[in-house]
Amino acid sequence: MTGGDIPLSWFLLFASAAFAIGLFGVLARRNAIAVLMAIELMLNAANINLVAFWRYSDSPGPEAGPIAGVMLAIFVITVAAAEVAVGIALILLCYRRWHAADVDRYDSLAG
Amino acid sequence: MMDAWQGWLYVAAVVIPLAAFVVQILGLRLFRKQTALIATGAIASSLILSAIGFGSYFIASGGMPSPHAEGHEGESPEASPAAAGAFSEGRAAPLAWSGNWTWVSLGRGLLPDRQPLAIPIGIRIDALAVLMFLMVTFIATLIHVYSMEYMEGDPRYPRFFAYLSLFCFSMLGLVASSSVFLVFVFWELVGICSYLLIGFWYEDRSNSDAANKAFIVNRIGDVGMLVGLGLLWTQLGTFDIAEINAGLSAVEARQGDALGRITSEDPGAVWNVMIGGTERSIPHWILVLAGLGIFAGCVGKSAQFPLHVWLPDAMAGPTPVSALIHAATMVAAGVYLVGRFFPLFSAEVLLVIAYTGGITLFLAATIALVQVDYKKVLAYSTVSQLGFMMLALGVGGWAAGLFHLLTHAFFKALLFLGAGSVHHAVHTYDLRPLGGLRRKMPVTAATMLIGTLAISGVPLFSGFYSKDAILASAIHFVSERPGHALLLVLPASGAAMTAFYMFRMWFLLFTGSSRGWSAAGLAPEHGQRDDPAALAHESGPRITWPLRILAVPTVMIGWPLTILPLAVAGLPFHPVLEDWLSSAAPLPAQPLGSAQSWAAATSLLVLVVGVGLAFLAYHPSKTIRRIDPARMAAHLGGLYSLFVNSWYFDEVYQALVVRPCLAIGRRAAWVDRVVIDGIIDGLAAITVALSRLDRAIDASVVDRLVSLVAGMIYVLGGVGRRLQTGRLRSYLMVLSIAFVLLSVGVLVWVVR
Amino acid sequence: MPPSSPPPIDFSQLWALSPEILLTLWGLVLLLVDVGPLRGRPGSSRRKTVGSLALIGPIGVFALLLAPLVAGPGAGGGDPDPTLVYGTIAGDPLATSFNGVIALLLAMVIGMSMAWDFTEHWGAYFALLLWAAVGMMVLVAAEELLILFLALELMTICLYLAAAFEKDKRRSAEAGMKYFVYGSVASALFLFGLSLLYGLTGTTFLDGIRRVLVESAAATGEAGGLSGDLVGATAVLLILVGFGFKLAAVPFHQWAPDTYEGAPAPVSAWIASGSKLASLVALMKVLLHALAPWAGAVGGEAGGGWVLIVAAIAAATMTYGNLAALAQRNLKRMLAYSSIAHAGYMLVGVLAAMVTVRSGSSAAEAAGAVLFYLVIYSLTTVGAFAAAAWLARGLGRDDIDDLDGLGVRSPGLAVCLAILMLSLIGLPPTAGFVSKLAMFLEVLNADASARSTLLLLVALALVNSVISAFYYARVLRALFLRRSDRSPGPAPRGVSWPIVLAALAAVGFGLEPAPLVDSMRSAASAMLTITLPPSPPDLPAPAPVAAIPVSGGMAMQK
């Protein structure tokens with residue numbers, strides 16, 4: 001089972017880079033929506049990994065079972081969609097309370 | 001599986017107070033006044049059962065055992081085969097009734113070679129337990145009666161008796177338990193009762209603080225105890241005290257030591273111990289560690305240095321509680337446990353025990369010299385006497401230490417109850433305005449005089465004999481190990497101080513004439529009239545009769561002769577009780593030889609010094625009184641203030657332990673604010689600086705402006721800036737940093 | 001890559017999943033009832049109606065769990081093979097017993113929720129609680145990483161929303177938001193670790209991963225494991241971060257105090273008990289079963305690595321949790337730090353089980369003790385949170401001082417709360433004591449190769465449990481030693497029965513722990529020995545995808 005001319009490591013590096021960018025975004029951005037987007041980026045980086053690993057695997061062993069990486073990726077996409085929906089709902093709720101979508105403003109609980 | 005009917009007798013004696021407690025708690029509103037009767041009835045029936053048990057034991061064990069006759073034949077069935085095996089060399093096993101059940105079996109391990117994790121419960125009644133039962137129930141019954149009058153009119157009168165019943169159950173359970181595990185359960189239960197009763201008048205903040213202090217200090221000791229028990233369990237695989245004792249008494253390392261202790265030059269030496277038929281091994285250093293751990297628990301419970309600070313404060317509870325729990329029974333449980341576990345302690349640990357006891361008795365005695373609160377005098381005196389007991393155990397005087405435990409229980413309970421009677425009449429604990437109460441309270445004065453004579457060690461009173469026994473053990477030990485002469489100096493000087501402060505207290509309370517608040521240069525407490533003793537009168541019969549009754553054993557239980565048919569021929573001056581105890585000792589007693597006569601001489605000498613000084617300083621007659629205490633105090637100067645302030649223990653603990661702990665507690669919650677945020681903001685500054693590049697590409701101008709300002713603030717550093725916690729991004733930064741640090745840790749190891 | 005066509009799903013297996021299915025459908029029913037027949041009714045009446053209806057969910061689960069007992073063996077899924085749906089989900093004693101525990105906790109949480117009106121959207125709220133329970137049940141049963149991840153997400157997404165459900169309270173919205181963002185990041189890290197693990201082993205089945213790791217270790221002839229395996233180590237670490245978030249282990253704990261304090265008390269209770277319970281079971285499955293061969297690489301205790309990292313996390317978790325709890329005034333926040341501390345204790349137990357696993361023997365005793373501890377902790381902590389619900393209902397706030405004088409006003413419940421506190425401290429004769437004792441004794445009994453590390457951890461745990469006595473004692477003092485004019489009033493039934501039930505459990509399992517310990521031990525043994533269903537013989541041998549070298553410049557096969 002070949003994966004074309006692009007070696008697997010390229011995909012993995014790309015995924016790692018996307019993941020790092022996502023993490024950086026979460027840490028650096030104060031806008032809640034941007035944070036949400038960064039989280040999506042991290043999830044999708046993992047998806048790239050999953051799909052790439054699936055595509056490059058030789059053949060499924062008995063351990064692999066019927067669930068392959070690509071199916072994992074599809075499920076992760078749906079989970080990500082659910083997370084976005086929940087995230088938007090929470091952001092709206094917080095926006096109504098604070099009139100701001102700045103995550104640094106939500107700091108009434110501390111200590 | 002109980003091997004004798006007497007065992008059930010004792011089970012009943014333990015359980016009856018529990019049943020009484022349940023009834024009282026459920027009917028707290030229903031019974032009101034009757035709760036006192038229920039509680040008293042319960043403990044009185046336990047007393048009767050204990051007395052029957054005592055008589056039965058006396059008969060079953062063939063009368064009073066001769067102390068030095070080896071190979072006494074016990075005629076009743078010996079319960080534990082392990083115990084029988086261990087004592088087979090030279091000594092027949094003393095009679096003991098036992099019953100063992102498995103409370104919890106956490107199942108055999110899934111693998112066959114694993115020992116099952118079973119938690120046994122059981123009772124074991126030997127000579128020591130028989131005596132302890134009689135002592136505890138006797139004193140507790142009297143104190144119940146006493147409390148009926150003393151606590152009269154208190155809004156929580158029924159609750160008080162319910163707690164007392166719970167305490168009696170826990171204390172009797174502690175004495176009867178055969179397994180370490182059950183001992184620990186009851187150990188905690190008595191602690192909880194003590195906590196509830198110290199804080200009984202919780203409206204006063206200082207009382208609930210005292211309760212908390214007692215609770216917390218005891219938990220510190222309990223950690224050590226748990227560690228010790230855990231070590232023992234992993235090494236020996238049993239919770240049964242008799243098995244552990246039997247195994248450890250037979251360890252061959254005892255042969256090499258003149259005092260019969262487990263000694264080893266090599267901490268790595270491994271002892272083979274027979275536990276219930278299987279051979280197990282325990283390294284010497286683990287044995288030492290386990291011994292120290294268990295002793296730590298006893299240090300907490302018996303208020304030994306350096307954990308003695310809770311007991312004086314614990315006197316905030318009602319006086320009957322002080323008499324029962326914090327003088328006669330619970331605080332002695334630490335001593336009792338050291339006695340129970342005696343074979344466990346190796347030579348090093350015994351030395352630690354001896355010195356702890358010595359230091360405690362000396363410290364507490366010096367503090368008691370200068371207290372102006374007569375209940376505090378008694379409190380420190382209790383600490384000091386407990387130190388005597390520990391010292392006795394530490395130098396190998398097993399019987400002497402436990403003998404003193406029993407005599408002390410009676411005379412100290414008497415003294416506390418007398419103090420309570422005084423307080424009942426004058427409503428203050430301050431010695432200074434009082435005086436001349438002898439005429440107004442003749443019974444209290446007389447009985448307290450008996451108690452004072454006993455604790456001071458006047459011949460013919462019980463305290464003399466037990467203190468004499470302790471000194472004899474100490475002299476014997478020091479003659480074997482001259483390097484440890486301090487272990488004789490400390491108790492001797494402590495005994496002298498005891499005689500001094502007790503007579504001081506008695507003189508100040510009962511002789512001369514009442515001084516009044518103003519003469520003492522004080523403002524009256526709680527708006528009392530100037531002379532607190534003006535309206536004082538003798539307390540009612542329910543207070544005075546317990547005092548009278550307690551005075552009898554206070555005098556008598558140390559005597560060489562008792563009303564019992566004895567076989568003590570040849571030892572006319574040897575206390576019966578001590579002989580009885582030494583026949584039950586887990587290790588054969590050491591012959592003391594000439595130490596006994598030296599001890600008698602020493603104790604008389606220190607008695608004369610102590611009492612003499614007290615007469616010179618506090619006797620009401622001008623012709624005898626030659627020393628002015630105030631000038632003496634001035635001479636002592638710094639030493640005096642050291643004593644008055646209890647050697648500054650509370651202050652030192654406050655500064656060294658309590659404050660740092662609180663500070664750490666507060667800090668820990670604010671670590672984010674102070675430390676982590678500092679780091680984070682430094683890193684965040686870098687992140688944000690980088691992110692400006694990113695932001696330049698997207699977002700609105702306003703956003704960029706805001707982030708630029710934020711970036712500036714970050715870049716200027718979190719230094720001096722008041723930082724808020726609760727920010728999500730700082731949390732995530734912690735997460736990332738933690739991940740990176742952990743990764744570095746793992747990768748360094750992986751790549752290595 | 002065409003997957004070999006699997007056999008069709010045997011629908012009789014769905015019987016074993018009936019609790020999950022029931023709760024899922026019942027959540028939908030609750031939603032419909034709330035927007036349908038109850039439309040326009042005032043909030044408090046809908047609260048009572050929907051809440052009572054919601055209670056039918058866990059009761060139904062009990063009925064389903066008890067049905068095979070009544071019907072006799074073999075009536076329900078009496079399949080000797082404990083795995084379901086191609087081996088992705090286990091139907092073993094672990095899953096069954098924890099389904100029961102989760103249903104019990106759910107019933108208690110529902111009861112507490114019915115105490116006061118903190119929201120208007122009762123249908124949605126109760127449905128979320130039920131669906132979170134579904135997530136927990138699947139998480140406990142998951143035998144495959146995708147199912148595990150989906151269950152984890154189902155559980156937490158429901159909880160994110162539920163945490164933000166308290167109307168008119170800023171802190172509730174903030175709690176939900178923080179929980180969500182922190183949780184999502186942790187999920188992403190977890191998923192990335194999962195993807196790496198998939199890449200390394202070519203499978204997502206826990207038992208499959210175990211087999212591949214065992215075989216590759218055998219192939220290289222080394223002790224196997226992680227040494228030199230940079231990617232594997234990263235994957236393990238990422239997965240640990242994900243679980244660390246769910247367990248609120250230091251340093252991944254910071255969301256917990258804020259979320260617990262801000263969320264409504266029942267939701268905090270649900271996060272502290274159910275979520276932690278299910279996540280710890282999943283963590284144990286992954287670490288003790290799937291990744292067990294890698295534990296062997298750790299070598300002696302000086303070898304560091306995984307064992308030392310978990311040990312450091314455990315030590316930091318219990319110490320930090322206890323110290324921080326000392327300074328707290330708010331009951332829920334205090335309980336949050338207390339739950340962090342308890343996570344630390346349990347990690348010590350997990351560590352002992354790991355150490356035992358790597359010595360080759362079955363670690364079921366240690367793991368069983370951890371499960372026992374977990375169940376006892378969950379029950380008592382839910383009871384303690386019920387007190388917070390009581391205060392929130394009566395006074396609108398939940399500081400420890402608000403408990404003042406309850407010992408006089410409601411002596412019965414105060415005694416029950418006192419029992420719970422004693423159990424959380426670990427004093428005999430409560431179950432908290434027995435569980436601590438059993439767990440720490442098992443830790444001391446664990447494989448000797450890491451004894452000094454474990455002994456140190458146990459000693460530290462004991463010191464910590466002493467420290468914990470200070471802040472739990474503050475609750476006791478408020479209950480019994482203080483007076484106050486303000487009273488939260490008599491406890492509603494929804495609050496009182498969870499407290500009483502938890503206290504009864506604390507005393508009952510303290511006096512008679514053997515049945516629970518035994519069932520937990522057999523659950524643990526099932527957890528550690530579960531295997532994939534026998535595979536069709538025509539499939540080729542396993543092949544890990546990538547033997548990724550340390551350098552990261554992954555030399556790839558074509």
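Any Cβ shown, glycine's included, is placed from N, Cα and C.
The domain 'NADH:quinone oxidoreductase/Mrp antiporter transmembrane' annotation in TrEMBL covers C:142-452. If you look up TrEMBL, you'll see C:12-33, C:53-74, C:94-115, C:122-140, C:146-165, C:230-249, C:277-297, C:303-323, C:335-357, C:369-392, C:413-434, C:454-473 (among others) marked as transmembrane segment.
Note: the stretches the transmembrane segment (C:454-473) and the transmembrane segment (C:335-357) are in contact (3+ CB pairs below 8 A, sequence gap of 6 or more).
Here the transmembrane segment (C:369-392) has Cβ contacts under 8 Å with residues 101, 104-105, 108-109, 111-113, 115-116, 118, 264-266, 268-269, 272-274, 276-277, 280-281, 284, 331-332, 335, 338-339, 342, 345-346, 349-350, 353, 398-399, 402-403, 416-417, 420-421, 423-424, 431-432, 434-436, 438-439, 441-442, 488, 491-492, 494-495, 498-499, 501-503, 505-506, 509, 513, 516-517, 520-521, 523-524 of the same chain, all six or more residues outside its ends. Beyond the ends of the transmembrane segment (C:335-357), by six or more residues, the same chain brings 247-250, 253, 256-257, 259-261, 268, 272, 276, 280, 283-284, 287-288, 292, 295, 306-307, 310-311, 313-322, 324-325, 328, 363, 365-367, 369-370, 373-374, 377, 381, 384-385, 388, 424, 436, 439-440, 442-443, 446-447, 449-450, 454, 457-458, 461, 464-465, 468, 471-472, 528 to within a C-beta distance below 8 angstroms of the stretch. Counted over residue pairs separated by six or more positions, the transmembrane segment (C:277-297) shares fewer than 3 Cβ pairs under 8 angstroms with the transmembrane segment (C:53-74), which leaves the two as not touching. By the Cβ criterion (distance under 8 Å, sequence gap of 6 or more), the transmembrane segment (C:122-140) is counted as touching the transmembrane segment (C:53-74), at least 3 such pairs being found.
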